[in-house]
Amino acid sequence: MKSKKQTKLLLILDGWGYSKTTKNNAIALANTSVWDRLNQTFPHSLIHTSGKDVGLPGKQMGNSEVGHLNLGAGRIVKQDFTRIYNELQNGDFFRNPILRNSLEYANDNNKAIHIMGLLSDGGVHSHEEQIHAMLEMTSRQGCKNVYLHIFTDGRDCAQKSAKKYIKKLESKMKELNTGEIVSLIGRYFSMDRDNRWSRIRYAYELIAKGKAKFLAKSALNAIELAYARGETDEFIQSTSIKAPTSIKKGDVLILMNYRADRARQITCAFTDEDFQGFSRGTFVPTQFVCLTEYKKDFNLPVAYPSSKLNNVLGKYLSNLGMTQLRIAETEKYAHVTFFLNGGIEQAFNGEERVLIPSPDVATYDLQPEMSAFELTDALVENIESQKYDLIICNFANTDMVGHSGKLDATIKAVEAVDTCLGIIYKAMFAIGGEMLITADHGNAEQMINPQTNEVHTAHTNNPVPLIFVSNRKADIMKPGKGALSDIAPTLLAMMDIEKPDEMTGNSLLTFK
C-alpha cells in the first residue's frame with residue numbers, strides 16, 4: 001500500500017486582484033465570509049503581477065499566460081511581448097528571417113499577403129504597433145496586394161474603442177501607401193480557445209472565402225453598423241469591407257497574435273489538412289506564418305520561437321520522483337498545464353491532469369459560477385486520496401466573468417469561489433495539508449474605469465493577495481516585496497526542498 005502524501009495545494013484565483021477602493025469592486029462588494037476568515041486567521045500579503053515584475057515592459061498589465069509562466073518558472077520570464085517590443089526599438093524586427101522570407105516568397109510567386117490579428121493596445125494577445133510594423137515591413141520589401149483582416153478587441157481594452165485603433169492603422173496605411181483592410185470580426189469569433197468551432201467557422205469563412213454576415217463601405221463604417229446592431233467590439237459579427245476578399249492557393253498568411261492559447265484554433269482551421277472542427281469545403285493550402293510558437297507539433301514557420309526554460313517547478317518535482325496534479329476547467333486548463341510547465345505540452349512523469357468542462361454558454365455572466373462546484377468536487381476527491389505531493393488548481397470565475405464587465409454577475413462569481421474555498425479548506429484541514437492561495441493578475445476588483453467612468457473589462461495592474469493556510473507558524477514577506485516568480489520557491493520551501501539554481505525567485509515564507 002502506497003504511503004499517504006502530505007499534500008500541498010496551490011490555489012490560483014484567476015483575476016482576483018486587490019484594491020483599497022471598494023466602489024465597483026466586485027471582490028469587496030461580495031459576501032466573502034470564508035475569504036475574510038482566512039485573511040484574519042493566516043499569514044497574508046500582496047504580490048506583484050504586472051510590468052517588469054513578470055517580464056513585461058513598463059506598466060503593462062499582467063495576464064494569465066504571463067502569470068502562469070512566472071508561477072511555474074520561479075524566475076522572471078522575459079515575455080514574447082517584451083522580446084518583440086525590444087526588437088521593434090532596435091530594428092531587428094525588420095530583419096527577422098522568417099518574416100522576410102515569407103514576404104520574398106510572396107513577391108517571387110506573385111502571391112497576396114494576408115495579415116491578421118487582434119488590433120488594440122491591450123498587450124495581452126497582441127499589440128497594434130506590431131501590426132503597424134508588419135505593414136511597414138511589407139512596404140520596405142515592395143510587396144503588392146497586402147490585405148488586413150482585423151480582429152476587434154473590446155476585452156483587454158474599452159468595449160467600444162475599435163475606431164481609435166482603426167484610425168491609427170489607416171493613418172499608417174496612408175503614410176506607407178500600402179495595405180487594405182478587407183475584413184473585420186470580433187475576437188469572440190476569431191479567438192475562441194474552448195473548442196467552440198462554430199465561432200471559429202465565422203472567422204475562417206470570412207477570411208478564407210470572403211463569406212460575411214455583413215458588408216460595409218469601410219472599416220469605420222463596419223464598426224458603426226455593429227454598434228447600431230447593439231454589438232461591442234468583442235462581438236462584432238463577420239463583415240467584409242467594400243467587397244468580399246478570399247484567399248488563393250499559396251497566399252501568405254501571417255497571424256500577428258503572440259499569445260498561444262487563443263491563436264491555436266484559428267491556426268488549425270487554416271493549416272490542418274485533417275481538420276475536423278467544421279466542414280471547410282475544398283482545403284486551400286497557404287504559406288502560414290505564426291508570430292510565436294503556438295504549438296510545437298504544428299510544424300509551421302515561427303518568427304519568434306520559444307525560449308526553453310530549464311527546471312521549471314513541474315519538471316523539477318518530476319525529476320525528484322514526486323507526484324503532482326493539475327486541475328482546472330477548460331478555460332484555464334492550458335494555463336495550469338502548458339503555460340505553468342514553461343510552454344511544454346506533454347505532462348511530466350508523475351504529473352496527472354483533470355479537466356472539468358466549462359459550461360456551454362454564450363458569455364459567462366449568464367452562469368457566473370461556471371463549473372466551480374464540479375471543479376471543487378473533483379479537487380476534494382483528489383485531496384482526500386492523498387496521492388499527490390502537490391496539487392495546482394485554477395478557478396477561472398473572477399477573470400472570465402470579470403471580462404464581461406457585469407458587476408452583479410462578477411459579484412456572484414466571487415461568492416461562488418468563496419463557497420468553494422470553504423469546502424476546500426475543510427478537505428485540506430482534514431488531511432493536515434497546507435495551502436497557498438494567490439492569483440495570476442487582477443480583474444474583478446475594478447469593474448469601472450475611474451478615469452472614463454466606462455465599463456472596465458480588462459485586467460489591472462493591481463497587486464494580488466497571497467495567503468498561507470497551515471497549522472505551521474510562519475512569517476510572510478511584507479506586501480509589495482514579492483512577485484509571481486517567488487511562488488514556486490515558496491512551494492518548494494513548504495515541501496522542505498531546496499530550489500534549483502535556475503529559480504531566482506525567493507520563498508516568501510520564513511518558518512518559525
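Just so you know, glycine gets a Cβ as well, placed from its N, Cα and C.
Database features, via Swiss-Prot:
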| type | residues | note |
| --- | --- | --- |
| BINDING | Asp14, Ser64, Asp440, His441 | Mn(2+) 2 binding site |
| ACT_SITE | Ser64 | active site, phosphoserine intermediate |
| BINDING | His125, Arg155, Asp156, Arg187, Arg193, Arg259, Ala260, Asp261, Arg262, Lys332 | substrate binding site |
| BINDING | Asp399, His403, His459 | Mn(2+) 1 binding site |
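Sequence features annotated in Swiss-Prot and their locations in the structure.
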residue	record	DSSP (3 states)
Ser64	Mn(2+) 2 binding site	helix
His125	substrate binding site	coil
Asp156	substrate binding site	coil
Arg193	substrate binding site	coil
Ala260	substrate binding site	coil
Asp399	Mn(2+) 1 binding site	helix
His441	Mn(2+) 2 binding site	coil
His459	Mn(2+) 1 binding site	coil
Determine the most Cβ-crowded residue among the binding-site residues Arg262, His403, His441, His459, using a 10 Å radius around each Cβ and all protein chains in the structure.
His459
Around Asp14 (Mn(2+) 2 binding site), how many other CB atoms lie within 10 A of its CB?
27
Within 10 Å of Asp156 (substrate binding site) by C-alpha distance: pick out those among the binding-site residues His403, His441, His459, and say none if nothing qualifies.
His403, His459
Most Cβ neighbours inside 10 Å, all chains, among the binding-site residues Asp156, Asp440:
Asp440
Are there binding-site residues among Asp14, Ser64, His125, Arg193 that sit within 10 Å of Asp399 (Mn(2+) 1 binding site), Cα to Cα? If so, list them; otherwise say none.
Asp14, Ser64
Of His125, Arg193, which of the binding-site residues has the most Cβ neighbours inside 10 Å?
His125
Using Cβ-Cβ distances, find the residues under 8 Å from Ser64 (Mn(2+) 2 binding site) that belong to the same chain and are at least 6 apart in sequence, listing them in sequence order.
Asp14, Lys332, His335, Phe339, Asp399, Asp440, His441
Neighbour count, 10 Å Cβ-Cβ cut-off, for Ala260 (substrate binding site): what number do you get?
23
